[in-house]
């Protein structure tokens, strides 16, 4: 078949270029029978980790090189193509690994947007990449429907809702655009395995309570960053009563909860769902006469693959390590609504119903709640009724496959007959694009996943989140309320929710970290510093965001020099910071083995906020070689490592400095930078050992020793650092 020919699987356009030499599918590191116990996240990462030392096994906290089974990009594919070209790459390492799905701005029919989409399709055609055009559906839904996101595999995407894949037992996590370009070119990128939180769901949901209510409640009741930058594993007796569609909704919104992944186990519910999907696809293919053999015609969704999966199910080991243990009794849950304008505010539906909150717009769209079962739930509420006067009700299916199924079931027609306004399958209002956005002073209720101020329109509007049934009921009543057939007498008391949180009995200490090497530490590359050393600057500020580190007014000055970035670093946080660091840098001199320079220590969630990589490069250009913090914003940390800035955590060091310097402020970290008097910190790259000496506030000399997390800088980070950043690392490998 020539390069111009197209192979079609349902609605997918498969662009085939057999003349392009394809490398084999991603190779996995063999799972080693190493001593110890491992959770499910660690076991899946082990399958996709590469360049491990013989006999090693990955653990939470480790930096590893991963070769994911799938990498998906959407409308941001254009910038990734630019990065791909800038690193000198000319061919895709493994086209079978890459998927393009256009879904965000699909209502935009401008010549500029259509040209952008055309260029992305042409690139896919040239390189033999699976391409799903605008209208096929939201990329995350497509990855599940087409079997790219498959149980016990690893899939990544340049989008924060990659967590959704966990609903089918696939470990999904977001990456940034530079990572995507690196995977295109080399098949791999790096990842720090997060801490893993065990979330135990007990009991069974009462009638009228949904998976959306579960995650809205989790976000609202555990709203103190308990799962920030963690991977979540769902456990418990309650899982058997949750459908795959409900699991997908829950996993999807673990992103808003603050997690980097939300993983359900592969169980009988999962296997039965996949068998049903395969049979359904077979029936369709027989109808159109394109299936040469039943159940094995699809390259990813077929009975052979499902049978193999059922024989090789992974389970966490008894005694596996989790940082926290959260429990939620599903039987005590009632319908909940999130907001306004925050997922951290979760209110029982009956409380809001009594307030008679009028709405202007309602939305049944997005990757969290626009599957066929969601459309059915809304249609069952609205069938034979009409949307209230003055209310606009927007509906978009998660994919064209979903819409076709809803049309055949009569659910789509019921929604349209009631006065709903159809939108093409895609993100649309959820991302603030297209028609139907909230205007000043309006109130909206949505089945989407985010209600941040201004996300769905005007920042002067109010947005609530709820289940599809509640959204539909609100649309026909013109106010926030539940369906008329919701029997509240069968629900538990709205104030009776049972939930708990504890530190897992076998959790590692806050500063503990694993390393696969012996007690001597990780192996250090010849060209990587054996240690980092210098004076210590304490920035006692939690949630120091990227705008505080690098002001937004400079972000789009593309011609700004490294020197200028260094001059404005931390300008919005502490105007004197840059000059202080410049003075310290002038007195530093590195040796061949030790990297000298001022070491910065921040508070918790350092670098939260936007994805601007200048927040990392400005610190590096200022002469700071390494940042310590209680914890980091994940995207900041990825950008830092991708640009050769080392990031390590030390919970105890942050706590000790807080007690010493902020006692009069009640221990609240909300102050400008402090240069520790006569300070010197030495950080061993192999072991993560931190040796610190300085004069305290009272003039007394203090010497302390800590262990960073991870306890030793991983090989993947070392390689990126010595190459001069991820882009140069990729250049060396293509």
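These residue numbers are counts, starting from 1, taken along the chain as shown.
Using N, Cα and C of the backbone, Cβ positions are placed for all residues, glycine too.
Here is what Swiss-Prot records for this protein:
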{"type": "TRANSIT", "residues": "1-25", "note": "transit peptide"}
{"type": "BINDING", "residues": "367, 427, 430", "note": "[4Fe-4S] cluster binding site"}
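The [4Fe-4S] cluster site is defined by 367, 427, 430, and by the 8 Å test on Cβ atoms against their centroid, the other residues of the chain that qualify are 103, 104, 138, 161, 365, 366, 368, 370, 426, 428, 431, 448, 449.
Look at residue 430 ([4Fe-4S] cluster binding site): DSSP puts it in a helix. Long-range C-beta contacts of residue 430 ([4Fe-4S] cluster binding site), restricted to its own chain and to partners at least six residues apart, with a cutoff below 8 Å, comprise 363, 365, 366, 367, 446, 448, 449, 450, 455, 456.
Secondary structure at residue 367 ([4Fe-4S] cluster binding site), as computed by DSSP, is coil. Counting only same-chain residues six or more apart in sequence, the Cβ atoms lying under 8 angstroms from the Cβ of residue 427 ([4Fe-4S] cluster binding site) belong to 103, 104, 105, 106, 138, 365, 366, 367, 433. The 10 Å shell around the Cβ of residue 367 ([4Fe-4S] cluster binding site) contains 27 further Cβ atoms across the protein chains shown.
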